[in-house]
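Here the structure comes first, spelled out in structure tokens, and everything after it is commentary.
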Amino acid sequence: MNANTKPPAAAERPAKGLGKGLGKGIDREKLLLAVAAPVLALIATMVITAIVLLCSGKEPFGALRVMGTYLGYSDYQVNTLNQATTYYLGALAVAFGFRMKLFNIGVDGQYRIGAFFAAVAGGAVNLPAVLEIPMIMVVSMACAGLWAGIAGWLKVTRGVSEVITSIMLNAVAGSVIAYLLNPKRLALAVGNDVRTPKIPDSGHFFSFNLAGGQLWGFIIIAALVGIGFHLLLNRTRFGFDLRATGRSESAALASGVNVKRMVVVSMLVSGALAGLIGMPQLLNSSYQYSVDFPAGIGFTCIGIALVGRNNPVGIAFAALLFAFLDTVANPLQFNGYQVELVPVIEGTIVVCVVGTYEVVRRYGLRRQQSRVGEQLGRTGPTATDTAKGVAA
Amino acid sequence: MAATSLEGADAPQPRTAKAAPRAVGRLRPWQVMIALAALFVVISLARQLSGGTDLTSVGQWGGTLSFAMPIGLAGLGGLWAERAGVVNIGLEGMMVLGTFGGGYVAWHTHSAWLGLLAGIALGALGGLLHAYLTVTLGVDHIVSGVAINLLAPGFAAYLSKLAFTTPAATAQGGGQKQSPPVPGFSRITIPGLSSWLAHLDAHHWFLVSDLAGLIGGIVTGLSVITVLAVALLIGSYFVLWRTPFGLRLRSCGENPTAAESLGVNVYRYKYAAVLVSGGLAGLGGVFIAMVNSNFFLDGQTGGRGYIGLASMIFGNWRIGGLAAGAGLFGYTDSLQGRADTTSVHALLLIVAVLLIGLALWNGYRRRYLRAGIGLAIGALVVVWFTATKSLPAEFLVVTPHITTLLVMGLASQRLRMPKADGLVYRRGQGT
Amino acid sequence: MHAVVGENGAGKSTLMKILYGMQRPDEGTIAIDGEQVALHSPADAIARGIGMVHQHFMLADNLTVLENTTLGAEKLHGIGGRARARIQEISQAYGLGVRPDALVEDLGVADRQRVEILKVLYRGARTLILDEPTSVLVPQEVDALFDNLRGLKEEGLTVLFISHKLDEVLKVADAITVIRRGTTVAEVDPAGTTSRRLAELMVGSELPSPEASESTVTDTEVLAVRGLTLTEPDADGVARTVLDGISLTIHRGEVLGIAGVEGNGQAELVETIMGMRAADSGSVVLDGKDISGLLTRARREAGIGYIPEDRHRHGLLLEAPLWENRILGHVTEAPNSRRGILHPSAARQDTARIVAEYDVRTPGIEVTAASLSGGNQQKLIVGREMSGDPALLIAAHPTRGVDVGAQAQIWDAVRDARRRGLAVLLISADLDELIGLSDTLRVIYRGRIVADADPATVTSEELGSAMTGAAANGNERPEGDTP
């Protein structure tokens, strides 16, 4: 354990604290139920993982011990935070769509398109840092946003489900990059490696020098995006419209929300957020886009958004959890477990969470209905009427 | 009073009947045959003009068949689930389970058929999970499917490392991400006929050689699993549209409340449909691992579950359309695997001819705007064809994906999915 | 033929669901032919010879009549030729006139109902339950239905008939049971009673009536709709005219009622005026300002309040707290937001005001809308739409599915607002409500205004007959309103 790792953890906290204090009259029970679901899911995951380990002849508590040990190492903490930064941004991108029941499954393709063109743009020009970094980010967000916009546009004009189109666009994105990432086109061949030109120093984002290693400064951007996400959704008209559309598209339409415009805008915003996924890696670590640029993050982020219940605070926890599991995969390997155990745990968490949330949500709704009925039964003059209405 | 009686006098169309013919989306068998024959002539012509001999070779058609099968099986799985009202985007994950189940059990037991059963069973297990989440718990279908697609590959990778890194497995060529070679299924080649057709094919005669290629592709090295898959396609049609079971199952996808009011146990039929769906996807996985290849490989499905789903939508939730979609995707998949750049390039010519044909049809139907756009794009493709010598290989890989996007963008309004598809249904909540 | 009558929410539908095995009773017994039975599912009920025709038809649109009929009863005659022959046989025996191979989505309402009856007969039911069978029919179709039912009775079948339309009940029933708040309050012989007496039994006290007081109509035009035409593609993609040159004018302090059988364009008219559907031609002018080109939100801002027909789908966010539902539809207006930023505390305060003013029975404003009863949900919607002083209120079936108390309160609210100068466009299937509340009546039929009526003189029967498109005894149209 190292005291130096504290500040970043604290830096994350403002984003989490904001969720509270907001709803003045929040029912204690509501809060309890909100916490109950992920806790139940985690317990279920542990049980299932233990069973999997037992079946494969491994000792389950050992794995937990390994995780506990490495949780205390500062270099693992830094790696976790760095990885969580990426995951957090991606999961916010996914959650933005999910909040209005828009399934942007194509985050994976979007961030790769964004990061690739951002890397090309960053490598091509050398501006002062105050311009270079925003320029790279804007290019990435714009390209990723437009890529997502194709799915939004097809949904609005042609009524095509965004689920299928965004999956197809993932594959197409891969081939567009493969085509352009070629020495004959936008890339350089350096030894065995094919990559885009390096981004100049002015395009390097700052890092915190900690005992555990380099903590990417992009974590601050991620926290700001999280706060912005929360404020936009909960404190603005746009956010209200978006949430209303997610809760009931028909009611939103009747209330005056321009649902088609919302679909396109949300898809663009979701894509633009996805454009940030590759930025920590690009601006804090690799400074170039090469064949080995991380792929597949988008799908993990869908899982994280689901586990975090599409809420910026929940997603922060989920991102930290998934990032920690990823970083602890290698130590598990040293200790006789397998790297592949991690995807199993992650997948199990997602499935369990999805199930328990639904069960808890329905339970909460039913419980509130019956409690309202009870309360009115005692106080209201036309108690029978109301109670019947609730029961029906 | 005068005004109202006037208003009442001119009675518009009767209240019950619609004048529209119901031909949209449903073609008669002879129309389909003519369309397919015309398409064949176009391909044949393109082959003749461009010299891209692989467009209609025995190998190309054989490849089409074997590439189309996993897609078709996944699509058929999607069809079963969606006809019962459950969207199954988890097909991809169930397919992955199928590849592992098939690979592992076939290797372990030295029996291809046991592997097949295991693949189906594991796929169905994925289906069971999807059914539990969506039907019993009422989770959103897409969310559940995505969760399964995250879970299944994780499990497959974990288990494959466990199973195929044992000394016994590595000695036979197994590894972290792949199984040792597994036994395959028997293949049917008609002696004499196959070689004669291959001989005919090699002459490159207009239509004759092309037809020889097509038939040769079917009768040369035909896997028994292909026969099984085709039987399943046809059988599914009879089960779903010609039996009481199928009627009940489809009623759950159209109006589950009505079905429940008539004593149909909606949950049970949805479970059955999603289980079958998972099993079919699992079989698709087995096909990839054990027919198109001879070992399990991590990530072997390559998104074919999604393509299968797309081919089902392409086929308007019908078996015939689904088969056509799978065939189309199988064709491009197969062509891209062949090293013949001329043939790949000739695809452009086919696309151009089809576009122009469609434009002419639109012109005949007096939809001049569409006709104009179609002609313009067709002309552009012709220019592209004449100006280049080959198509970038990177893009050929995604032909199915681009085709799906185009088809859905252009024809989505004509598609009709089951009315209650994708809606969460809770027992007893209908009025 | 036995009728069960009761007000909305009296428990009629619940009773029927229990009889049909869709719900289980907490206590009590059911006896069929003297034998006590326990019905656990519709299948049990069907096996006992009970058949149900639901108020909302239970038909799958994309299946044929044959498929809809044989579904769940495949064992009887298969799903092929034998079943088809049997359907034709029944259809002829009772004069139902059903074509087995037609797709249900191509059928009209009356035909669909006959398919429902056929489904029940096909299963060999001896007892038919009909839940509000006439609510979707015009009077002529009702007569045809009653003829069919009498035919069934002569064959020895038992018909259980649920309704709140007393004239009809008196016309056909051999015995009547009145229920109120879930209990039987009377068993009546139709020969010895009047509809007035029945109504009092149903309500339990003197009748609330939607009588409007003296006219408050002024000369100031609030809403002027001119030549509104809307075509929409149907399921086959064939364009169909849904609204055909609709013109109407509503003045300050005037309630204009639209009568018509459901599905004749009322919903489309409302949604076109609200901007939720795009008209092909015609104009909508509010307070002298042409709003035809505006989006729904801008139209609401211009001063339209909207009580939608289906409050669950269009009026509420069921899983959101009441105060968020207060914001719904009025997110751009004070006190809910300022310059794009939400103002939750002000919205909460205003929700509390609505809850108090409109007597919404709720333990608080943080509970979800789903936990309120239908009547209280509707009162919340009415309160919300009246906030911000709209110039025009569009009320589609404002008292559908609410209890008697809430109904009276909603009527009062509409009358109050009208006195203050509100213009109201009222759509309702309840002809008494229409006649009682409206200052002016229009009849819509197949997307056209086919007749006008004066609510002071017209009777339900005359109105009903105009709604069939016969239009023989409608009243004259005022000049200047003709397109």
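Cβ coordinates are placed from backbone N, Cα and C, and glycine is handled just like the others.
Taken from TrEMBL, the feature region 'Disordered' applies to B:1-20. Annotation source TrEMBL lists transmembrane segment at B:30-49, B:61-80, B:86-107, B:114-135, B:141-159, B:211-240, B:271-297, B:343-361, B:368-387, B:393-411.
Contact between the transmembrane segment (B:114-135) and the transmembrane segment (B:393-411) is not supported, since fewer than 3 Cβ pairs fall under 8 Å when only residues 6 or more apart in sequence are counted. The list of residues near the transmembrane segment (B:343-361) in space but at least 6 beyond its ends in sequence, with Cβ under 8 angstroms from a Cβ of it, reads 39, 42-43, 45-47, 49-50, 52-55, 60, 332, 335-336, 370-375, 377-379, 381-382, 384-385, 388-391, 396, 399. Beyond the ends of the transmembrane segment (B:393-411), by six or more residues, the same chain brings 71, 307, 310-311, 313-314, 328-329, 332-333, 335-336, 344, 347 to within a C-beta distance below 8 angstroms of the stretch. Listed as Cβ neighbours of the transmembrane segment (B:86-107) (distance under 8 Å, sequence separation of 6 or more from its ends, same chain) are residues 70, 74, 77-78, 114-123, 125-127, 130-131, 134-135, 141-142, 144-153, 155-156, 159-160, 163, 169, 172, 174, 179-183, 270, 273-274, 277-278, 281-286, 288-290, 295-297, 300-301, 303-306, 308-309, 421-422. Between the transmembrane segment (B:61-80) and the stretches B:211-240, B:271-297, B:368-387, it is B:271-297 that has the most C-beta pairs under 8 angstroms.
Long-range contacts of the transmembrane segment (B:368-387) within the same chain: residues 345, 348-349, 351-353, 355-356, 358-360, 362, each at least 6 residues beyond the stretch ends and with a Cβ under 8 Å from a Cβ of the stretch.
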